[in-house]
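Participant: Encoded as C-alpha cells, here's the structure I'll be asking about.
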Amino acid sequence: MGIREFPGGAPRGKSIAVGMRRSPDVSPRRLSDISPQLRQLKYLVVDEAIKEDLKWSRSVEDLSSGPLGLTSIEERILRITGYYGYQPWAASYKREERPRDSPGPAEAQAPAGAEAGGRTSHPCWRCSRAQLKKMFWGVAVVLCVCSSWAGSTQLAKLTFRKFDAPFTLTWFATNWNVLFFPLYYVGHICKSTEKQSVKQRYRECCRFFGDNGLTLKVFFTKAAPFGVLWTLTNYLYLHAIKKVNTTDVSVLFCCNKAFVFLLSWIVLRDRFMGVRIVAAILAIAGIVMMTYADGFHSHSVIGIALVVGSASMSALYKVLFKLLLGSAKFGEAALFLSILGVFNILFITCIPVILYFTKVEYWSSFDDIPWGNLCGFSVLLLTFNIVLNFGIAVTYPTLMSVGIVFSVPVNAVVDHYTSKIVFNGVRVIAIIIIGLGFLLLLLPEEWDVWLVKLLTRLKI
C-alpha cells in the first residue's frame with residue numbers, strides 16, 4: 001500500500017510534492033507558472049485507498065460553504081498538487097490517528113446502557129474465563145509433554161536391555177512421522193468450517209515450499225538436510241542413554257535452548273539480551289559440573305558429549321528452519337514432518353540394514369525384538385512431537401517448554417528406584433543450574449518492563 005515508485009526508485013508523489021511546494025509568499029497566480037509540474041501529474045499513480053480519501057476530501061470541500069470556497073478549477077489543481085500547504089489526504093490520516101471511541105475490542109467495552117464512569121464485571125469475567133481455559137489447557141499440555149518425554153526416555157532405556165540397536169530404534173520411530181499430515185487432516189475435517197479434500201489441502205500446504213510447491217529439487221535442498229538433522233538428534237540422544245543415566249541425559253538436553261539462542265544471535269541476528277547470555281553461561285557451567293560429578297570417567301564423558309551433540313543438532317535444526325523456511329502454519333508443519341518420515345523411509349532405511357549385516361547392531365532373530373517397547377516408544381515420541389508442534393493452538397508456548405523441564409525430576413525419581421544413580425552435591429547443583437538457565441531463556445524480551453510494572457503495582 002502507498003504511493004508507487006518510478007522505475008528509478010524514487011517515490012512518485014513525494015518527489016512531485018517536494019519539487020512543487022513553495023512558501024506561501026511566492027505562491028503562483030497562473031496555471032502557466034506550474035505547467036512543468038502539471039505535466040508530471042500524468043506519472044502520478046495513487047493507490048485506491050488514497051484515491052477514496054481524495055474523492056471524499058474534494059467532494060466535501062466543494063459542497064461545503066466554508067470561508068475559502070475553493071470551487072474554481074485552478075484552485076482545485078493547486079490544492080491537489082500541494083500548494084498553500086494543503087494536502088487533502090493529511091486530514092483523513094489525522095482523523096485515523098486520533099483515538100477511536102472504542103479503545104479496545106468489543107469484550108473490553110462497557111455496555112451501551114452503562115453510565116459514563118461506571119464499569120461492569122462482565123468483560124473482566126469473559127477475559128478471565130478465556131485465560132483460565134488457556135491455563136487449564138496449559139496444565140494438560142505440560143503433563144502430556146512431561147509424561148511423553150520422560151516415558152519415551154525411560155522406555156528407550158528399558159528397550160536397550162533386550163535390543164541394543166539405537167540407530168534402528170531411531171529409524172523405526174522416525175518412520176511414524178508420516179502420520180503427522182493424516183492426523184492433521186482428520187483434525188481439519190472435524191474442526192474447520194471450510195472443508196477441503198486431501199488433494200486441495202496438500203496443494204495449499206505445499207505453497208510453504210515456494211510457488212512451485214514440493215518439487216524434487218525442493219525435496220533434496222529443503223527437506224533432506226532437516227531429515228539428516230532429525231535422525232542425528234534422536235540417534236545421539238538414544239545412544240547417550242546407553243552410556244549415562246536418563247536424569248543426566250534429560251537435563252543436559254535442556255541446554256539446546258541455550259544453543260538455540262546463541263545460534264540465533266549469531267546467524268539470525270536476533271536481539272541481544274543479557275539475561276539470555278547469563279542463561280547460556282549457566283548451561284555451559286552445568287555441563288562442566290555434570291561431567292565433574294561422575295569423576296571425568298571415559299564412559300560418562302562420552303555419554304555427556306553425545307547428549308550435548310544431540311542438543312546442538314536440535315538447535316541447528318530449529319535455527320536453520322527459521323533461516324531457510326521461516327515460520328510454518330499447522331498444516332505446513334504437519335506436511336513437513338510427514339515429508340521427513342518419507343525421506344527416512346526412502347533414504348535412511350539402508351543404514352540399519354548395513355549395521356545389521358556388519359553386526360554393529362545385530363539381533364539373532366526378529367522374534368527376539370521387543371516390538372511392544374519399540375511401538376510404545378514410537379507412540380510416545382510421536383505424541384511428544386504432536387503436542388510440542390500443535391499445542392500452541394490451545395495454550396502458551398512457554399508452558400510447553402516447562403513440560404520438558406518437569407521431565408527431569410520425573411526421570412530422577414524413576415532412576416532413584418531403578419538404577420544406582422548417586423545424587424551427590426555436584427550433580428544436584430548442576431541440575432539446578434541447567435534448569436535455572438532453561439527457565440531464564442523462557443523469559444520474554446520485555447520481561448524487565450513487565451517486572452517494573454509488577455513492582456509498581458505492588459507498591460501501590
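Cβ atoms are placed via backbone N, Cα and C, with glycine included.
Annotations in TrEMBL come from automatic prediction, not curation.
Got these off TrEMBL a minute ago, pasting:
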{"type": "REGION", "residues": "1-31", "note": "region 'Disordered'"}
{"type": "COMPBIAS", "residues": "22-31", "note": "compositional bias 'Basic and acidic residues'"}
{"type": "REGION", "residues": "95-122", "note": "region 'Disordered'"}
{"type": "COMPBIAS", "residues": "103-118", "note": "compositional bias 'Low complexity'"}
{"type": "TRANSMEM", "residues": "135-156", "note": "transmembrane segment"}
{"type": "DOMAIN", "residues": "137-291", "note": "domain 'EamA'"}
{"type": "TRANSMEM", "residues": "168-187", "note": "transmembrane segment"}
{"type": "TRANSMEM", "residues": "208-230", "note": "transmembrane segment"}
{"type": "TRANSMEM", "residues": "250-268", "note": "transmembrane segment"}
{"type": "TRANSMEM", "residues": "275-293", "note": "transmembrane segment"}
{"type": "TRANSMEM", "residues": "299-321", "note": "transmembrane segment"}
{"type": "TRANSMEM", "residues": "333-357", "note": "transmembrane segment"}
{"type": "TRANSMEM", "residues": "377-409", "note": "transmembrane segment"}
{"type": "TRANSMEM", "residues": "421-443", "note": "transmembrane segment"}
Participant: Under 8 angstroms, Cβ to Cβ: which one of 135-156, 208-230, 275-293, 299-321 has the largest number of such pairs with the transmembrane segment (250-268)?
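Facilitator: Against the transmembrane segment (250-268), the leading stretch is 299-321.
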Participant: At least three Cβ pairs under 8 Å linking the transmembrane segment (299-321) and the transmembrane segment (333-357), pairs spaced 6 or more in sequence?
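Facilitator: No, the stretches stay apart by this measure.
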Participant: Residues sitting near the transmembrane segment (421-443): Cβ under 8 Å, six or more positions beyond its termini, same chain?
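Facilitator: The answer is 245, 247-248, 251-252, 254-255, 257-258, 261, 275-276, 278-283, 285-287, 289-290, 292-293, 398, 401-402, 404-405, 408, 412, 415.
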Participant: Taking a Cβ cut-off under 8 Å, which residues six or more beyond the ends of the transmembrane segment (168-187) line up next to it in the same chain?
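Facilitator: Sequence-distant neighbours of the transmembrane segment (168-187): 156, 159, 198, 201-202, 205, 230-231, 234-235, 238, 330-331, 333-335, 337-338, 340-342, 344-345, 348-349, 351-352, 355-356, 361, 374, 377-379, 381-382, 385-386, 390.
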